[in-house]
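Taken straight from TrEMBL:
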COMPBIAS  428-441  compositional bias 'Acidic residues'
DOMAIN    11-57  domain 'F-box'
DOMAIN    279-409  domain 'ApaG'
REGION    428-461  region 'Disordered'
Amino acid sequence: MAAPLDMEPPALSLELLPTDPLLLILSFLDYRDLMSCCYLSRRLNQLSSHDPLWKRHCKKYWLISDEEKSQRNQSWKAIFISTYSDLGRYIQYYATLKKAWDDLEKYLGQRCPRMIGSLKESVQEEDLDAVEVQIGCKLPDDYRCSFRIHNGQKLVVPGLMGSMALSNHYRSEDLLDIDTAAGGFQQRLGLRQCLPLTFCIHTGLSQYMALESVEGRNKYEIFYQCPDQMARNPSAIDMFITGTSYLEWFTSYVNKVVTGGYPIIRDQIFRYVHDKECVATTGDITVSVSTSFLPELSSVHPPHYFFTYRIRIEMSKDALPEKACQLDSRYWRITNAKGDVEEVQGPGVVGEFPIISPGRVYEYTSCTTFSTTSGYMEGYYTFHCLYYKEKFFNVTIPRFHMVCPTFKVSTARMVSKDAVETNHNEYAVDEDEDSTDTDEYEDRRRVMDIPAPSGRCPHHT
């Protein structure tokens, strides 16, 4: 018998809906909404406590593995809630920073195991709170979050944040622990409310993070200080910018390391940047170049930008034995940002005349300076064959560019308004100082034989 047309269908009740579709809907909710469901009804409270729903959030926000879950002997929901109660303020940063630290530890564990031993265990919230009281400034949450994972490292060599070695100059930067950083917090003019992030025992060099927007800096900006050598005012400090936030600064560095962007040499991370286009092959010989900017040997005023480059010369292992040859001389063509050209020609490289044979690699480092914020070098090596000593040939050195990082001039400098507002790599300079190739003054650096010298590399030699 058909139902009367005027009868209304029964009201749809949440209690009557099947479980599986509801669980599927709940699986799309973020943790906030999933938690809110616990308070809407008894049925939703039961469904939102379904443990597999919380597995996704534990993996997404806290990087909890199945193995760690089994070791903790807790439900996924209990793990999420307990972790959130401790680290909840860092939920937007934690997964990114934890992955960076995990990737870095895994990579260094295979290549620089002694560096892993220098890392310190995490600190607690009360430790970070105490530092904020001590320095009178709030620490950014991404910085705090990183120190909840690792409290920097011990003051040792090599430093976690990279090294650089020349014949008479060595730099290796440690990532400071929270107490050491707080002890170096600056309130003096030129570096007001700046917290050191790194420190080099050999040079005293640090990278600082601005905790407030003062003296022309943006809040949380990270930089190398660069005193104005021509100013009478000691607070006239220019800045080479290395990051806009701790998260960006740290994760971009880690990415460079774990993807092989920075070479590992004698258990140290060397901050040479290799451009894949800076490779040239002539016959059986390939020349590649990587470069690095040295802020501790550079200045904005007067304009003096110091770069080091690392050159790799390799003969193919498939080359015939009679292709063995010896380097006789080098020729450089050096061009600055103004288009001024300097040519340099001389015997050997770094005072040596290396022999290249099939499968052999020869590497060395050298340096140059520019009075402009950028420039490039190119040239060739002249070799002679060992089997046919009268036969000479040239091997191309690819063009490689060197660019000073973004910098800011000191607000204490008494200059024109236009100069003060300049905040990029096209900063106008009046001096017209020549670039200088210093091959003949640098010692050879093989991949497995780079010492840690002291002192400073000459600005112009």
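Backbone N, Cα and C atoms are what each Cβ position is placed from, and that goes for glycine too.
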Could you pull the average pLDDT for the domain 'F-box' (11-57)? 80
Helix, strand and coil residue totals from DSSP for the domain 'ApaG' (279-409) stand at 6 helix, 85 strand, 40 coil
Per DSSP, what is the residue count of the domain 'F-box' (11-57) in each of helix, strand and coil? 32 helix, 0 strand, 15 coil
